[in-house]
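**Student:** Got a structure for you, written out below as structure tokens; questions coming shortly.
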Amino acid sequence: MVSSVAMASDPSPLQDFCVADKDSKVLVNGFVCKDPKVVKAEDFFSTGLDKAGDTGKKVGSNVTAVNVNKLAGLNTLGISMVRIDYAPRGLNAPHTHPRATEILTVIEGQLFVGFVTSNTDNGNRLFTKMLKKGDVFVFPQGLIHFQFNPGYTNTVAIGALSSQNPGTITIADAVFGSKPPISDEVLAKAFQVDKKTVDWLQAQF
């Protein structure tokens, strides 16, 4: 009898760095490397996380991302980060990162956070926690999660993600705001509501 163990993870880098060449016409899973001889310190540098984002949107939050699309030096390094600003009663709506685990720490204010497990025989389990300044919470890769500022002052959090380009799928936007729209018959059946309700929800997006 033979047994084996299989392990999966991002591949290890094969060089010190692979700064993204955004001008290359070659399409690969990620970005082609810039010639190391023309790489500069600026390729590993970004500014702006000290500035609050605009929280005047409907949900009252703003995400400022520093990923490979903004910081070319992150290419192949498997990491990125975000600053999230929350107005009083502001929400970072339920969403998922298909390619990354996220670890979040509160810098100022407070947050009510949570994530939902994938489908199991016991249903979808919800884990929640109230965070204050200095507290840390982790959201496992691919699971739906959210953050809500229950207070009456602004909140700021910093998140680190285990991908250079984690991706974000905001659930309500994806389901009710897709283009072209998902059939209202499909959504009415899925959510067990009438088509008028679905049409109203789609109109919000």
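Quick reminder: no glycine exception, Cβ is built from N, Cα and C everywhere.
Unlike curated entries, TrEMBL annotations are predicted automatically.
The feature oxalate binding site is assigned by TrEMBL to Asn92, His97, Glu102. According to TrEMBL, the Mn(2+) binding site annotation covers His95, His97, Glu102, His145. For Cys18-Cys33, the entry in TrEMBL reads disulfide bond. Here TrEMBL flags 47-199 as domain 'Cupin type-1'.
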**Student:** Rounded to a whole number, how many Å is the Cα of Glu102 (oxalate binding site) away from the Cα of Cys18 (disulfide bond)?
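**Tutor:** One finds 23 Å between the Cα atoms of these residues.
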**Student:** Sort the recorded positions Cys18, Cys33, His145 by C-alpha distance from His97 (oxalate binding site) and give me just the closest.
**Tutor:** His145
**Student:** If I take the alpha carbons of His145 (Mn(2+) binding site) and Asn92 (oxalate binding site), what is the distance between them in whole Å?
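**Tutor:** Spelling it out, the Cα of His145 (Mn(2+) binding site) and the Cα of Asn92 (oxalate binding site) are 9 Å apart.
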**Student:** Would you kindly give the Cα-Cα distance separating Cys18 (disulfide bond) and Asn92 (oxalate binding site), rounded to the nearest Å?
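**Tutor:** That comes out at 32 Å between the alpha carbons.
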**Student:** Give me the sequence-ordered set of same-chain residues, not including His95, His97, Glu102, His145, with a C-beta within 8 angstroms of the centroid of the Mn(2+) site's C-beta atoms.
**Tutor:** Thr96, Ala100, Phe115, Phe139, Leu143, Ile144, Pro166, Thr168
**Student:** List nothing but the one residue from His95, His97, His145 whose Cβ has the fewest other Cβ atoms within 10 Å; the candidates are the binding-site residues.
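**Tutor:** It is His95 that, of the binding-site residues His95, His97, His145, has the fewest other Cβ atoms within 10 Å.
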**Student:** Express the distance between the Cα positions of Cys33 (disulfide bond) and His95 (Mn(2+) binding site) as a whole number of Å.
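**Tutor:** On Cα coordinates alone, these residues lie 31 Å apart.
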**Student:** Near Cys18 (disulfide bond), which residues of its own chain have a C-beta under 8 A away, given they sit six or more steps off in sequence?
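**Tutor:** Set apart from Cys18 (disulfide bond) by at least 6 residues yet with Cβ under 8 Å, we have Phe31, Cys33, Lys34, Asn75, Thr76.
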**Student:** Out of these recorded positions, Cys33, Asn92, Glu102, which one has the fewest other C-beta atoms within 10 Å of its own C-beta?
**Tutor:** Cys33
